[in-house]
Amino acid sequence: MRFTKMHGIGNDYVYVNCFAEKMPADPAALSIKVADRHFGIGGDGLILICPSEKADARMRMFNADGSESEMCGNGLRCVAKYVYDHGIARKPRLQLETGRGVLTVDLEVKNDKVARVRVNMGEPILEPARIPTTFGGTQVVDAPLTVGGQTYAVTCVSMGNPHAVIYIPDAAAVPLEAVGPGLETAPVFPRRANIHFVQVHSPNEVTMRTWERGSGITLACGTGACGVCVAGVLTGRTGRKLLAHLPGGDLELEWSAADNNVYMTGPATEVFSGDWAD
Ligand SMILES: N[C@H](CCC[C@H](N)C(=O)O)C(=O)O
């Protein structure tokens, strides 16, 4: 099976072009295998680029533990780049089907290849039960959550997938390996959650680190950065336009007051292709 390795600011996945390759019979099991950085190809998971009846292509995304997610922001920028660069659809504006519906993607092309991508990630979902969380009320904003004897103030947002945002003075000081798993699987998150620790530098600039649902520590999380932008507005810590510094690079976010959509802009990189022998 031919695959292509791509990353969005270091959030790397194994991509399979299912316009050309057969759909894997068990993508969850395949994701676990190919994601392994010693016995497989290495990556944060598997992303299938599939034909779609209602869009230029459809993205199906699987974490390193085989769980499927509704959405992946860094992955969608890479899918857009692959679809354009490899001639599946040579248009500067693409429609891409995801687990949260069809999203519109604008491409910045340089020397005939996509360099940067701007994604309309859709509207944030804030109702607790739709994130989903078991918190009551109409929104989850700086709500106390105690895990492992430590109480955190969490702000929860869904971008099609669940996120918990925690503000701290120093993002570098968080022992992610130690606290991530307990927060990801806290009972208050019936479908687990992606966990983000955020340090605010100014009303328009943050540094964030992530423990992802199903993949653990990643160098970047696109939907998470969108959630952080929304959480910043809800908590009054940052503005509707945000520059987020992630370990793997930067993303530009905007939660538009005009249309309530969240926009994410960043790079997408193709590294190499190969044949998966298994
Ligand atoms: N682990 C996430 C999916 C990948 C999200 C992230 N890599 C992104 O760029 O949005 C979840 O299970 O919701």
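Just so you know, glycine gets a Cβ as well, placed from its N, Cα and C.
The annotation active site, proton donor is assigned in TrEMBL to Cys72. All protein chains considered, the CB of Cys72 (active site, proton donor) has 30 other CB atoms within 10 Å.
According to TrEMBL, the feature active site maps to Cys72.
Taken residue by residue with DSSP, Cys221 (active site, proton acceptor) is part of neither helix nor strand, so it is coil. What TrEMBL lists as active site, proton acceptor is Cys221.
In the three-state DSSP scheme, Glu212 (substrate binding site) is classed as strand. Under the heading substrate binding site, TrEMBL lists Asn11, Asn63, Gly73, Asn74, Asn161, Asn194, Glu212, Arg213, Gly222, Thr223.
Separating the Cα atoms of Gly73 (substrate binding site) and Cys221 (active site, proton acceptor) is a whole-number distance of 7 Å. Taking Cβ-Cβ distances under 8 Å and a sequence separation of 6 or more, the neighbours of Cys221 (active site, proton acceptor) in its chain are Asn11, Gly73, Asn74, Asn194, His196, Thr210, Glu212, Leu246. Here the Cβ of Gly73 (substrate binding site) has 29 other Cβ atoms within 10 Å, regardless of which shown protein chain they belong to.
Taking the centre of the Cβ atoms of Asn11, Asn63, Gly73, Asn74, Asn161, Asn194, Glu212, Arg213, Gly222, Thr223 as the substrate site, the nearby residues of that chain (Cβ within 8 Å, site residues left out) are Ser69, Met71, Cys72, Gly75, Thr210, Ser215, Thr218, Cys221, Gly224.
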